[in-house]
Amino acid sequence: MNPSEEFLEQGISQQNLRKASCMTVATLAYQSLGVVYGDLSTSPLYVYKTTFSGKLSLHENDEEIYGVFSFIFWTFTLIALFKYTLIVMSADDNGEGGTFALYSLLCRHARLSILPNQQATDEKLSAYATHGSMETWQSSALKSFFEKHPRFRTGLFILVLLGTCMAIGDGVLTPTISVLSAVSGVRLKITALHENYVVLISCVIIVGLFSLQHHGTNTVAFMFAPIVAAWLLCISSIGIYNIFRWNPHIFRALSPVYMLKFLKRTGIEGWISLGGVVLSITGVETMFADLGHFSSLSIRVAFSFLVYPCLVLAYMGEAAFLSKHHEDIQRSFYKAIPEAVFWPVFIVATFAAVVGSQAVISATFSIISQCCALNCFPFVKIIHTSSKIYGQIYIPEVNWILMCLCLAVTIGLRDTNMMGHAYGLAVTTVMFVTTCLMALVILIVWKQRIAIAVAFLVIFGSMELLYISASVYKIPEGGWIPLALSFIFMAIMYIWNYGTTKKHEFDVENKVSMNRIMCLGPSLGMVRVPGIGLIYTNLVSGVPAVFGHFVTNLPAFHQVLVFVCVKSVQVPYISEKDRLMIGRVGPKEYCMFRCIVRYGYKDLQQENYDFENRLVSGIVQFVEAEEDTTLKTTFISACGREVGNMDIEKFDAQNQDHSFTNSKSSDILETKIRKGHGGGAPLKDESLQILRAKESGVAFILGHSYAKAKKSSSIVKKFAINVVYSFLSKNCREPDVVLNVPHTSLLEVGMIYHV
């Protein structure tokens, strides 16, 4: 029976079902206005002003104004409407979008993963699915190329980091240019107001904006969509008014011929001014990045039927006004507003600038969270601001750093034209990175012909390179800001990723052999005391070197031993039933287990996670579900093969149970487990032993590794490892904090490794 027949049996007609679906799409489209389009819709505040700055201000004839509007229209249409709305948004990763989503797709299909502890069992996750159309010779050749040339894999990774860091730079530049552009309009009515007061008011708004972040966007989310909707209707209405009053023939500028005329008449000044034109599409990357919060259809509907026509009318109306008021080119937006509605529009513009800034700040939090999951950024404190909306988070350290950077840019530059030059370079770089990744997705993931990928790269890449070249020319006039910010963030990300990778390699090289463990016997060569010992490790297989230190130096250890590995998988989300993967290490009499805690790159690792009880419940259920596998396990261990190889991974995956309980009482835990295994069936002796061990106490052992550069290393590497990575390691969050480990039960073991 298909779904429609089921609905008909329940008394729901096909017509009402379609109405319900349309209503859902319409609701999501309306909600997306405040989250997705705040940044994009405030661009008219500064586009013409920035474009006609510099020497182009000497060319203020109608032909130049027509040419700039023609560039804005076709840039907006080709990149925002065709590239992003129609093509890029189709390349989602299980409903998630953004730079990391594209890179995640490529990592899974071409095995480009930057995460070192991936397993074959991860590929069994439903979100990991890589099946699709048949392989083509182009996709196979490209995969082989990346496999044979690791330097190109590293280059692709650096390209992704560049796009990510430029996107983080947007989180600094968007609040500054949006708020300052909105507030500066007040000087048209209060001419005696000094520029310093405008900067001061902007700084107060920025401080207030960042101070409210800890409340979360959910607190004021109901205000966002109406503000953006009112803003779009205001600027489109004013645009229509200006078209009919000042220049009804402005529609002629829709012809691309005016772009050629513009470049021919203005020459190099016209080419340089394109760095201002590209500001008209700031925020289009947010459409793709925020795909996970809405549906692709709802975002497309909102853009195609409201955002796109409203912004085109706004730009067209402003061009019509400028064609008759060349002297107002630097104050065109507010000058084009009719006198009767100036103050209402000014208030709405200020609120819209705040909303647009809020969307970019929230996106920055999300990007940093994903970087942490992919070992590209030190672990920071992540706070959930909504119990109902999953993706709303707040990162205190990042919030205050962004605020300080925004204030520094606002006070330091004080000029929206210079901010626009910096903003344009950041935006175009992110877009070009997306274009490059999308071309690879077309070949490797979608398995299309190489001609299609090349056409996509040439058409859109050439446009974006044109705008990048114009923005690069403005580096001395403000374009250096995103470069400096990106260099700092890229250095942090690359050093952190390099250090953690070397740490994992050190752990793999120095892990204890199973032969040594087996030779010690079930007692492991020491007294086994009541209780459970949890040893945190980066390894998904083998015994970590930390445990070797215990075996060598400590006379006693716990009765039950569990190796815990917290790792990320290159999928956006992992369901709770697949969160823990539990298996046995060695024969049963050794009472050693391994627990792998898996998270997706957009999963939020809860600090109130009831990990201890969930883990014990999972181990007991694993033991109860385990059948005659002792001989197989003992044989593999006795032969010296490490638990965690392909054979044992398959064995673990077949025999694990992922049903857990949040009860803190072992009696309730035992009752629930009994119900899950045939009603009142008695528990096995080993299960009872594990429950009694839990009652005796749980100890958490964490290996704390300290990296040091070798004496033969260069000065740059010594500074990066001994200073930068060491500082980040000491100030980042450890897994014990994420899993809410009590400090009274925590024991850290220090180790030094040389890279």
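Glycine too: its Cβ is placed from the backbone N, Cα and C atoms.
Here TrEMBL flags 28-517 as domain 'K+ potassium transporter integral membrane'.
Here TrEMBL flags 65-87 (among others) as transmembrane segment. Long-range contacts of the transmembrane segment (65-87) within its own chain (CB-CB distance under 8 A, at least 6 residues past either end) are made by residues 40, 47-48, 51-52, 250, 252-256, 258-259, 261-263, 265-266, 270, 273-274, 277-278, 280-281, 284-285, 287-288, 299-300, 303-304, 308, 311-312, 315-316, 319, 322-323, 326, 431, 435, 438, 456, 459-460, 463-464, 467.
Marked as transmembrane segment by TrEMBL: 156-184 (among others). Same-chain residues lying 6+ beyond the ends of the transmembrane segment (156-184) with a Cβ under 8 Å from its Cβ atoms: 39, 42, 45-46, 49, 99-100, 103, 106, 112, 114, 146, 198-199, 201-202, 205-206, 209, 282, 285, 289, 346, 349-350, 352-354, 356-357, 360-361, 363-364, 367-368, 371, 376, 402, 405-406, 409-410, 413-414, 416, 419-420, 422-423, 426-427, 429-430, 433-434, 436-437, 440, 481-482, 485-486, 489-490, 493-494.
Among the features that TrEMBL reports, transmembrane segment is placed at 220-244 (among others).
Marked as transmembrane segment by TrEMBL: 268-289 (among others).
Taken from TrEMBL, the feature transmembrane segment applies to 301-321 (among others). A Cβ distance under 8 Å defines the sequence-distant neighbours of the transmembrane segment (301-321), meaning residues of its chain 6+ beyond its ends; these are 25-26, 29-30, 32-33, 36-37, 40-41, 43-44, 47-48, 65-66, 68-69, 72-73, 76, 80-81, 85, 229, 232-233, 235-236, 238-243, 245-248, 250-251, 253, 280, 287, 328, 332-333, 335-336.
Sequence-distant neighbours of the transmembrane segment (333-354) (same chain, 6+ residues past either end, Cβ-Cβ under 8 Å): 38, 41-42, 44-46, 48-49, 178-179, 181-183, 185-186, 188-189, 205, 209, 227-228, 230-231, 234-235, 238, 241-242, 317-318, 321-322, 325. Annotation comment: TrEMBL describes 333-354 (among others) as transmembrane segment.
Per TrEMBL, transmembrane segment is recorded for 360-380 (among others). For the transmembrane segment (360-380), same-chain residues at least 6 beyond its ends with a Cβ under 8 Å from one of its own Cβ atoms are 35, 38-39, 98, 100, 114-115, 161, 164, 167-168, 170-171, 174-175, 209-210, 213, 217, 283, 286, 289-290, 391-395, 397-399, 402, 492-493, 496-497, 500-501, 568, 570, 599-604, 728-729, 731-734, 738.
Look at TrEMBL and you will find 392-413 (among others) tagged as transmembrane segment.
The transmembrane segment feature in TrEMBL is assigned to 425-446 (among others).
Residues or ranges marked as transmembrane segment by TrEMBL: 453-473 (among others).
The transmembrane segment annotation in TrEMBL covers 479-496 (among others).
The transmembrane segment annotation in TrEMBL covers 517-536 (among others).
The average per-residue pLDDT of the prediction over the domain 'K+ potassium transporter C-terminal' (530-754) is 72, rounded to a whole number. According to TrEMBL, the feature domain 'K+ potassium transporter C-terminal' maps to 530-754.
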The answer for the transmembrane segment (392-413), taking Cβ pairs under 8 Å and residues 6+ beyond its ends, is 171-173, 175-176, 179-180, 199, 202-203, 206-207, 210, 213-214, 216-218, 361-362, 364-366, 368-369, 380-386, 419, 422, 478, 481, 485, 604
Other than its close neighbours in sequence, what residues sit by the transmembrane segment (517-536), given a CB gap under 8 Å and a spacing of at least six beyond its ends? 543-544, 546-547, 551, 554-566, 586-587, 589-591, 615-616, 637-638, 640, 690, 692-694, 696-703, 735-736
